[in-house]
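For reference, TrEMBL has these:
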TRANSMEM  12-38  transmembrane segment
TRANSMEM  50-69  transmembrane segment
TRANSMEM  89-109  transmembrane segment
TRANSMEM  150-173  transmembrane segment
TRANSMEM  185-208  transmembrane segment
TRANSMEM  228-250  transmembrane segment
TRANSMEM  270-289  transmembrane segment
TRANSMEM  296-322  transmembrane segment
TRANSMEM  342-363  transmembrane segment
Amino acid sequence: MVIAGMNQPVYWGLYITNYVFFIGISHAGTLISAILRLTDAEWRRPITRAAEAITVFALLMGSSNVLWHLGRPELIYVPLLSPQPLSPLIWDVACISVYLLGSITYLYLPLIPDLAILRDRSPRLRWFYRLLALGWQGTSRQHQLLERAIGVMAVAIIPIAVSVHTVVSWVFAMSLVPMWHSAIFGPYFVVGAIFSGIAALLIAMAILRKTFHLEAFFRPIHFNNLGLLMLTMACLWFYFTFAEHLTVWYGNEPDEIAVLNARLYGPFSTAFWSMITCCFIIPLGILSFRRTRTVIGTVVASCAVVIGMWLERYIIVISSASYPRSETMWDGGVYTPSLVEISLTAAEFAAFVLLYIVFAKLFPLVSIWEIKEGDERDIDAVTDILELESPGGRAKA
C-alpha cells in the first residue's frame, strides 16, 4: 500500500483504475463481433478477428492488476481457498474467468480453417499449426459443425460480456461510498465498456491498416460504420453521466455533494472536464458529419475517447474514495500515484501492444476463410441479379 501510494481513505488507486479500464476495453471484441455476426452484418468480416484478439489480451492485462493490488501475487490462491459467496469480488473472479475462457474459445473457433492454411504453407511452424488445426480438411460437414459452434458461442458470449462489466460495477455499487452506491452503475459501466472498446478497435484497425498495408480489408466504410456506432455510444454515455450527476445535485445529500463538488470545481475538476471534452464534445464534433467521419477523423475521436474513458475510471475510483462518509477521514491522506504504479501502468500498456504484435505475427488478423465466404456470397448475389435482369429471367418472373 505504501509503495503504491495508497493510504486511508484511498485504498484503491491506479491498479483498480487500470483493472476497470482494461476490462472495459475487452468489450471491443467478443461483444461487438458477436452482435455483428448474429445480425449478419457482412461488413464485419475483415474486423472480427482483430476485435476478438483485443478482448483476450485486454482481459489478461486487466486481471493482472488484481495481482499488483494484492501486493503479494504469490498468495492469490488464498482468498480462493475459502471464498465468500456474498462478496462481489468473488462474483467478479467467477465472471471474468468464464468470460476469458469463452473469449479464447470464441477467438479460436474461427481461426481453425486459417490454421489449416498455415499448416499447409508454413514449413517452419507446421507442427504448431497442425496441432492447433485439429485435423481440419475443409469438408462441408466440418464447416457445418464450425458454423454451429460459432453461432452458439456468439449467442452465449453476449450475456457473459454484459454480466462481466455489470459485476465489475457492483464491486463499487454494493458499497456505501458516496457516488458509488448507485443502481445506475450496471448499465453505465456496460455502456462505457462498449464505448471504449469501439474506440480501441478503431485505433487498432488504423495501426494495422498502415503497418501491414491492409487498406483493401479495413476500408473507409468500416471506419464510417464503427464511427457511427461510437457516436451513438457517446450520446448514451453522456446521458448516463448527466443523469447520474444531476440526480446527485438535486438530491443535495451532503456526503455525495462533497464528491460532486470535488469533480466539478475541486481537485478533480481538470480531469472531469477533460473527460467530458474527450468522451463527448470531440466525438460529437467529429463523428456527426460525414465529411469528417474519415479514417483520420475516427482515429482522432477514438484516441480522445480512450483517454477520456481512462480519466472516467480514475475519477470514479479516486474521487469517491477521497471523500468517504466520515469527514474525519478526509484529511487522512491525499492519494498521489507513485512511480511504481505509473511504471506498472506503462508496462501493462506495453505488454498489451506486445501480445497483439506477437499474435499478428503468428496468425492472420483478417479471417481468410470468412472473406472468401463473403466474396462467394457476393458473386452468388450478383449472379442472381443478372439472371433476373436477363430476358429469360424476366420471362420466368
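Numbers run from 1 along the shown chain.
Using N, Cα and C of the backbone, Cβ positions are placed for all residues, glycine too.
For the transmembrane segment (185-208), the partner stretch with the most Cβ pairs below 8 Å, chosen from 12-38, 270-289, 342-363, is 12-38. Through the fold, the transmembrane segment (12-38) approaches residues 4-6, 44, 47-48, 51-56, 58-59, 61-63, 65-66, 68-69, 96, 99, 102-103, 106-107, 150-151, 153-155, 157-158, 161-162, 164-165, 168, 189-190, 192-194, 196-198, 200-201, 204, 309-310, 313-314, 316-318, 321, 335, 337, 341-342, 344-345, 348, 352 of its own chain, all at least 6 residues removed from its boundaries and within a Cβ separation under 8 Å. Long-range neighbours of the transmembrane segment (228-250) within the same chain, counting only residues 6 or more positions beyond its ends whose Cβ lies under 8 Å from a Cβ of the stretch, are 179, 182, 184, 187-188, 191-192, 194-195, 198-199, 202, 256-257, 259-260, 263, 276, 279-280, 283-284, 287-288, 293, 298, 301-302, 305.
Counting Cβ pairs closer than 8 Å to the transmembrane segment (270-289), the top stretch among 150-173, 296-322, 342-363 is 296-322.
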